[in-house]
Amino acid sequence: MNNSSELIAAINGFRNSGRFCDINIVINDERINAHRLILSGASEYFSILFSSDFIDSNEYEVNLSHLDYQSVNDLIDYIYGIPLSLTNDSVKYILSTADFLQIGSAITECENYILKNLCSRNCIDFYIYADKYNNKKIETASFNTILRNILRLINDENFKYLTEESMIKILSDDMLNIKNEDFAPLILIKWLESTQQPCTVELLRCLRISLLSPQVIKSLYSHRLVSSIYECITFLNNIAFLDESFPRYNSIELISIGISNSRDKISINCYNRKKNTWEMISSRGYRCSFAVAVMDNIIYMMGGYDQSPYRSSKVIAYNTCTNSWIYDIPELKYPRSNCGGVVDDEYIYCIGGIRDQDSSLISDIDRWKPSKPYWQTYAKMREPKCDMGVAMLNGLIYVIGGVVKGGTCTDTLESLSEDGWMMHRRLPIKMSNMSTIVHAGKIYISGGYTNSSIVNEISNLVLSYNPIYDEWTKLSSLNIPRINPALWSVHNKLYVGGISDDVQTNTSETYDKEKDCWTLDNGHVLPYNYIMYKCEPIKHKYPLEKIQYTNDFLKCLESFIGS
């Protein structure tokens, strides 16, 4: 006999005929014949049981009445070479029995079956099971499935069996698959209603309160399972004092604006989190050296060069909600390039740059209010400049560094308010062409050029400016020097990507605040040779935001699921 399967079949034949059997597994009134040696070889539990003082060597029976007979019988058949026949109903019993008997291969087979068949119809059931039996692999997989399908599950009959501890974990998770934070209170209310359990402050703390619409906050106030709890009403009365919340991963789209790898058009790319890739969603004719500003989910591109050798005064825009281009926007007062763009609650600002007629530097700051027919001059910088960093923070326009007369960099930092210009602490080094972002109450800049004379040295510097203390802090440098990179912030993390050169254009980096270091980010790799001008997190908008509050607003909100 030279085949192990034939050997196993022969031994199973001995068991079926009772030959050489030396142990009986007793479960209530049922008995299962077996061989100690075979059971010990497959099960750590039986190996310890039969090789210790737990059972006398002459003892012929082992009582396992606390276990499920069918599961034990199936597992002993499995030990003797008969494949497991698994179903969604049986696999939990067999897995917990295999775990008790410590049959490793059966455990793996059951886990693989569950992972393969995990879906929205069974994820809650498997999550509750895995939590009970402390199976972290199944618990993690089923929990992630719950997060992905949460809006489908709120009407599932098993939804009410989730514990408050589980709901706190679900509602707190950044990966909760909702495209608008208003759906989080809906999830909470549906669970409260299905369990008839009163709300707690711990549950309310899981909501990103600062991101909720007034209509949903009113709905929380008025719901009987919330309003009847004094502590909950007290919490809601003090939400104005809560810190600003970060959006969940799926409530925003990461949109990049740049020049396509063929370098013949502007490309709008969207980051696909499932595939960890950037996908082009739209494009138009070539343009470069333009300013970018984002207002109400519309990306505005101002000035720059098109396919002619002349600078442009045109302003075009891309609406991320309708996935369409907008061309009927008033032109700038005159053609310009290498300018900066920022927005406040009402206006879009175009700052500085280079004029088309004589390539002279510009000091003008022009602004436009959407729906108005023209741009108007708002102010003038103290010194004409281009390729500077610009930022809007606490209602002030900050202008950082840039290229001034003579083609040299400057180290100035100044802010503009209704009262005029104010000088601040200078940069540690003269810089231009850097990326700029406001993050956690500070201004961050990265990359660009650094030189006190001719602009020619590519930088990997990263600096942060604290407006409260009027001070600059040098952070860990980028791994790769970058010119005009895109700098963006998502979920309290900083990222930088792209470069306006032919080298390493498809790399991005992420900043670890605790370790003060930048690491190459494999999750946001750009298309090859794609020049990223700007990257913006775009918050999803829903028609419900325009709906007036009513007593059944949450039901109205539920009708938008899937839209």
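Cβ coordinates come from backbone N, Cα and C, glycine included.
Annotated domain 'BTB' per Swiss-Prot: 21-88, in sequence order. Feature annotation from Swiss-Prot assigns domain 'BACK' to 123-219. Per Swiss-Prot, repeat 'Kelch 1' is recorded for 252-297. The repeat 'Kelch 2' feature in Swiss-Prot is assigned to 298-346. Feature annotation from Swiss-Prot assigns repeat 'Kelch 3' to 347-395. If you look up Swiss-Prot, you'll see 397-441 marked as repeat 'Kelch 4'. For 442-492, the entry in Swiss-Prot reads repeat 'Kelch 5'. Feature annotation from Swiss-Prot assigns repeat 'Kelch 6' to 494-540.
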* Within the domain 'BTB' (21-88), how many residues are helix, strand or coil going by DSSP? -> 25 helix, 13 strand, 30 coil
* Structure fact -> Using DSSP three-state counts, the residues of the repeat 'Kelch 2' (298-346) come to 0 helix, 21 strand, 28 coil
* Using DSSP, how many residues in the domain 'BACK' (123-219) fall into helix, strand and coil? -> 66 helix, 0 strand, 31 coil
* To do: Over the span of the repeat 'Kelch 3' (347-395), count residues by DSSP class, listing helix, strand and coil in order.
  => 0 helix, 23 strand, 26 coil
